[in-house]
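Engineer: The structure under discussion is supplied below as structure tokens; questions concerning it will follow.
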Amino acid sequence: MVESGIMLGTTRRVVGLIPRSVRQVHGDGDGEEALRFYKSRGQHILVNPRILDTIVRKSGINPTDTVLEIGPGTGNLTLKLLEVARKVVAIEIDHRMVQVLEKRVLQRGLQDKLRVIERDAIRVPFPRFDLLVANIPYGISSPLLFKLVYGATPFRSATLLLQKEFARRLLATPCDSNRLSVNVNLVADVELVMDVSKRDFLPSPQVDSSVVIIRPKPQIPNVDLSQWNLFTMICFRNRHKTLGALFKLKGNVSYLFNIFNEHRHSSPHKGDDAPDEGELTSFKEKIILVLRTGGFEAKRPVKLSIEELLHLLSLFNQAGIYFNRRRHFKSEDNFNVDDD
């Protein structure tokens, strides 16, 4: 993950990773303790104060707002958030970081405005908050976004520092769609704020980053989200293939046939028996007929808009073809599937 903190006026230093010149820029303590940041865990420290100030300013934080921060690290961003927000709730899994964070906040006299949750941000329920502002740990970007935009906790906006390539996938246009972009843009608008050089971190990661703002849409399409999730999973498993080729694959036909039987018989067990080849062939023809009638057979997912994908899903449903096994949609389901 990418940690957003660097010690400002604390007694800790990063052994072997942060040179003295950087510590002098942010202030030295009167003693030293060792605190190591691990590249293998993606722990990179954002050290550019201009970037931190821009993140806070662009977030549009009101004095009455509660801000949620994921992966605060040692608290460089946290301290700036505490200066403008009513309260900051920080979720951090690394106990060493929590110790440094709480010490720094105490030194600033801001401890009454901070609540630290020492848990895994993917697994812990989000508390109530107005905005999310965070230097997101890169390794959990996809499941965290999924939990955020499809979760039950309402929020006004999320200002996130993400890996640049990941951010570009979020911002993809309909002529270059991917599963990440269509899932997020179904329910939220995404704005690029700025790019951030890898040189603004210590130790430097191998890639640059980008700051984006995600705002939930006031109205979203009336669609079963569990269906949508599995529908896009099939469509974008290879986004450059035609839909006709994708839906002719035996694995996809068998999967949809089992769900078809389950809905038809209103039993979670009826569709579990292996269908014979004749049934599969007939069902495949049913799928292709839907694609052909709607003019989608030769189209490729990468070129489709969200509106076109929603229309195709509606056509499948009208034909009695569904993509979910009558289960509740779970926030831990992940839409980060590699697409070609």
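Glycine residues also receive a Cβ, built from the backbone N, Cα and C atoms like all the rest.
Checked TrEMBL, it gives:
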BINDING   His44, Leu46, Gly71, Glu92, Asp120, Asn135  S-adenosyl-L-methionine binding site
DOMAIN    51-218  domain 'Ribosomal RNA adenine methylase transferase N-terminal'
Engineer: Can you give me the same-chain residues 6 or more apart in sequence from Asp120 (S-adenosyl-L-methionine binding site) with a CB-CB distance under 8 Å?
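Structural biologist: Asp120 (S-adenosyl-L-methionine binding site) has long-range Cβ partners Ile93.
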Engineer: Would you give the longest CA-CA distance, in whole angstrom, between residues of His44, Leu46, Gly71, Glu92, Asp120, Asn135, the set recorded as binding S-adenosyl-L-methionine?
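Structural biologist: Largest pairwise Cα separation, rounded: 21 Å.
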Engineer: Can you tell me the mean pLDDT for the domain 'Ribosomal RNA adenine methylase transferase N-terminal' (51-218)?
Structural biologist: 94
